[in-house]
Each structure stands twice: as structure tokens, then as C-alpha cells.
Amino acid sequence: MDDNKRPLYLPFAGPAILESPLLNKGTGFSEEERIFFNLEGLIPWEIETIEEQVERAYQQYTNFNNDLDKHIYLRNIQDTNETLFYRLVHNHISEMMPIIYTPTVGLACERFSKDYRRNRGLFISYPNKDRIEEMLNNATRQKVKVIVLTDGERILGLGDQGIGGMGIPIGKLSLYTSCGGISPAYCLPITLDVGTDNPHLLEDPMYMGWRHQRIAGQEYNDFVEEFMQAVHRRWPEALIQFEDFAQKNAMPLLERYKDQYCTFNDDIQGTAAVTVGSLLAACKAAKTQLCEQRITFLGAGSAGCGIAEAIIAQMVSEGITEAQARAQVFMVDRWGLLQDSMPNLLPFQQKLTQSAQALAHWQKADENISLLDVVNNAKPTVLIGVSGAPGLFTEEIIRAMHQHCPRPIVFPLSNPTSRVEATPKNILHWTNGEALVATGSPFEPVVVNDITYQIAQCNNSFIFPGIGLGVLSCGASRVSDEMLMASSRALAECSPLGQHGTGSLLPDLEHIQSVSKFIAFAVAKAAIKQGYALPCSDELLQQSIEDNFWKPEYRRYKRTSF
Ligand SMILES: NC(=O)c1ccc[n+]([C@@H]2O[C@H](COP(=O)([O-])OP(=O)(O)OC[C@H]3O[C@@H](n4cnc5c(N)ncnc54)[C@H](O)[C@@H]3O)[C@@H](O)[C@H]2O)c1
Ligand SMILES: O=C(O)C[C@H](O)C(=O)O
Ligand SMILES: [Mg+2]
């Protein structure tokens, strides 16, 4: 117990304290607390330290022999004793991150209604659209500072999961706390329940959401607008992270709200920031610049176009023109390479097309230019997969890329594991260990010719906890492109490969908290520079980051007089 911290005064006693996950300490309550709060007899005799409790919980955890059961077990601790949950995760971060987050969280979303146990967060269902304000007031947290919001329509590469998508905001916020030190008391996951178009869920008798086709168009936009206004009235300073919205809504919602509220879209901007950070580190190790690369994407959706625009911005900052940068970025989607002659492209895709003139000398089979055609003609040095479709980086494509690029950078970023464009094992074998590989989901190290290659996890989880901590520590009112760019550069500075020329592309998860603090500082400095936060000295900013960083330790409780 941290006796140096001032005690927390509680206005109530008895079993209600044990039922409150933010306050519960289980056998961690002291003798004095047990007497003052009428807890005697409600918990076993022994008074335990949190480390003793962690030991028991970890033993129980290891008894489960599949990841989903481990996930359910951990979620149960989270829902009964949050401090213990975060201490357990803190002590075993590398082992438990894939269990509380990607990839296991994907399965948990698919099985959400089947495995549902306890309430967490808010479900704002469309039929209750006139009572959003009341629902926000019902939240179990009063002082909300970070909200992760989904409508469940594009959950990882798993499609529409309806309210099952709630697993994602819960998982993301678990990382805001365990990686970014945001107190769980400030975090609120919210799902907008606007129906589902997933026929399996609509027919599933266990499905717990509003059993209705998704509302769309004006009705949908009005509902989101209603929600944004209400949430802003309730918690005007809260950071709102949009997560796993379908392509048709993700970018328009970002455009609508980014200059109005403190908000960002993690799939578009968080992913862009982590990918640019990883590429900057890779370029530094290879003593080249990003603006010298030719980059091909498979998947021109929210993530793909978000990353592409951030890469272009970085290339321009390195000294080439925007036109030159755009000419080096090739976006491939279902109908092949995006070309300016293509009808029906979305506005954010139209800026990322190649012109007929630029392709005039290309050798290709037909009108629709395939990924293989692009690889053979554009000779990319970087290949990024954000299609959500597995296996599309075939042996032929990877070998073709390797033929003209001795050290190709290949990032199959689609999640979860089942959606990866190619496994690191295959990519490294096809390239004789010469590719630099990073994936969205975690993968085991790969051995080729007796050399072991660690696989970096290029996932926005390296970025959003630091952004949240930075925003909270300086009181930023917006999340700007400059703040995101600052987060990329800060991440690149933390790369062992970028810094020393050897080692892993991204930092070890064991260091994620110091990485988040470093990113937070850079993000807050950028916010201050742009006038989105009040000026303060570097020392005060550092102090604020430390002060805001919550630690999973029990506090002493005192009783207020009733
Ligand atoms: N690693 C990370 O941090 C990270 C972050 C965001 C998204 N992702 C992953 O990226 C994937 C895409 O996410 P998104 O938000 O961009 O989704 P999205 O739906 O906006 O975009 C996916 C795009 O891929 C295209 N596509 C699908 N099948 C294809 C095929 N066979 N050939 C070519 N193109 C195809 C779709 O037409 C669409 O434009 C998901 O699997 C998601 O989990 C990873
Ligand atoms: O959730 C993740 O693991 C990353 C990303 O936000 C995604 O949608 O795939
Ligand atoms: Mg996401």
C-alpha cells in the first residue's frame, strides 16, 4: 500500500465497496479499514499485499489452457478489482497484452454476447436516442477524461460485430491505463448500438444488442451528432478516440469533428503515426530517408489512406514536393491500383491515385493493375498490407519485390492474426531473411539460416496511450496532425534498430510505459507550440506527465462522517 499518498475518503461502507471494481481491494483491506467500513467477515481473515494477490491470480491464470479463457478470467478480475487487474498486467505485460488486446480481443468481440458477464462502459442504443444525456449520467465514472467509442461495424478485419465490438474500446482503454498510465477512473468505453447488418448476429438468440438492421445516412449522422454534443456537454475536456468505424463513416466523421472537439480516429491517425514512426526508424538504420522510398499499399481504406497521407507529409518535410511524394505512393484495392480514371472512388482515395500518364510505360496484363503488376513496375521498397484479407502477399509477390530490392520492408498490418497478408515466417523464408517485417498482430520470432528475427508489432497501441497521456498532461483541446507527427518521430527515437542500427524495430513492450511518457512529452510540446494548450516549461510538463501517470497501488481509505 502506498502510505505516502493522501487517503481517499469514502462516503459509504459495507459490501458496496467490494462490489465497486475501482475501490475493491479484496483481501488487501487493512484491519482498520475492515472495521471502519463494516467489511469484517465479508473477506477471509488473512490481510494480503497486492503482490501476494497477484501471485495467486497469476497461478490461476496459468491454469487456463486457451487464450479466450485467459481473456475471460482477466476481464473478470478487471470487473471486480481494477487495481489488481492492472498490477497483474503490469507484472506480465508482454505475456498478457495479446490476451487483453489483439488478437484475443477479436475472438472476445465475436463471442461477446455468449460470454457476457458484467456491465462495463456504456451502450447507447438508437431507440434511446432521446435519452443520451441521462445515459451519460448513469456512467459508473463521473470524471471521464478518455473515451474510446465504436459502433462495431469494422472490428479489426472481422467485419460487423454489432455491440460485440465493445470488446475493442474495453481493450484499448486497458492499454491507455497499462501502457499510458491513465487512471481507470478516467476511462470510459462507449458503444453506439445502431443495429447490425451481420446476419449471424441478427439470428443469434443470444445476441444482446438492438436486433435491427444498422441505421444509416442522415439518421446515423444525426444520432452521432446528438451523441457528440451530449458527451461534450457532460465532459467538455474528454479526449474521444473513434475506433473501428466502417470505411464509409470513419473519414467523414473525422473530418466533421477533428476541428470541433478533442478527438482523433485511431485506425486512420494512430495507425499512420505508428507506421511512419516505424518507417522512420527503419530508414535511419538503413541510412536513407523516407522520401527516397517507393511505397505500395494493399488496402486503400481508412488505415491505408491515413498512413499514405502521413507518409506523404513526412516525405514533403524531408524536402521533396507533394507531387513527387504522391508519385511514389501506390494504392491497390479490390479493383487494382487506384487510378485517376476510376469512377466511384471515395474523396480520400481520389487524392492517392496514379495518372494514366505516369503509368504509360508500365507493362501490365489489363486495365485493372494488380498488386503483382505494381510490384514489377513501380519496384517498391516498402509494402504495407491493410486489407483485412489474409494471404494476399503471395510468394510470387514477395519474391518479385525482393528481386529488385535487396532489403524490402514488408508490413502486413491486418488484424487479427487470421487476417495477416502473409506470415513473417513465410516472408522471411521467401526473402532469405532479408526482409524487414513488422505485423499488426503479435508473432513469434522466426529463425532463418540459424538467425533469429524478432517480429515488431506495428500496432497503434504504441501510439494512442502516449497521445492520451500527452493530451491529459498539458490539457490539449485538439489532436492535430502536428501532434501526431510528433508522436511518430518520438516513437522512431525509441526504436533500438533506429538508434543503434541493430535490434528490434520497435521497443520492447517491457519499456512501453517510458515510451508512452516520451511520446506524451513530444505530443504535449507540439500542442503547446500550436496554441492548443497553455505554455509551460519542460520541467513542469515532465512533472505533469509523472503526476498524471497512475500506478496500480492500493490507496488507504478513510470514512467521511455521514
Ligand atoms: N496494425 C494496426 O495498428 C492496424 C490499424 C488499423 C487497421 N488495421 C487493420 O487493417 C485492416 C483494414 O482496416 P481499415 O480500417 O483500413 O479497413 P477499411 O475497410 O477501411 O479498408 C480495407 C480496404 O481493403 C480493401 N480490400 C479488401 N479486400 C481486398 C482485396 N482482396 N484486395 C485488395 N483490397 C482489398 C477494401 O476494399 C478496403 O478499401 C484491418 O484488418 C485492421 O485490423 C491494423
Ligand atoms: O486494434 C488493433 O489491434 C489495431 C487496430 O486498431 C485495428 O483496428 O486493427
Ligand atoms: Mg482499430
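Note that Cβ sites are derived from N, Cα and C of the backbone, with glycine treated the same way.
Site annotation (TrEMBL, ligand divalent metal cation) includes GLU243, ASP244; from ASP204, ASP222, ASP267, the additional listed residue is ASP267.
Same-site candidate for NAD(+) binding, as annotated by TrEMBL with ASP267, ASN415, chosen from ARG154, ARG334, ARG478, ARG489: ARG154.
Taking CA atoms as the reference points, ASN415 (NAD(+) binding site) and LYS172 (active site, proton acceptor) are 14 Å apart. Filtering TYR101, ASP244, ASP267, ASN415 by Cβ distance to ligand 1 (under 6 A) retains the following recorded positions: ASP267, ASN415. Using ASP244 (divalent metal cation binding site) as the reference Cα, a 10 A cut-off selects ARG154, ASP267 from the recorded positions TYR101, ARG154, LYS172, ASP267. Proximity to ligand 2 (Cβ under 6 Å from any of its atoms) holds for these recorded positions out of ARG154, LYS172, ASP244, ASP267, ASN415: ASP244, ASP267, ASN415. One way to see the shell of the divalent metal cation site is to take the Cβ centroid of GLU243, ASP244, ASP267; the remaining same-chain residues with a Cβ within 8 Å of it are THR150, ARG154, ILE155, ILE168, PHE242, PHE245, ALA250, ASN265, ASP266, SER302.
Other residues of the chain with a Cβ within 8 Å of the Cβ centroid of ARG154, ASP267, ASN415, the NAD(+) site, are ILE155, LEU156, GLY157, GLU243, ASP244, SER302, ALA303, GLY388. Among the recorded positions ARG154, LYS172, GLU243, ASP267, the ones whose Cα sits within 10 Å of the Cα of TYR101 (active site, proton donor) are LYS172.
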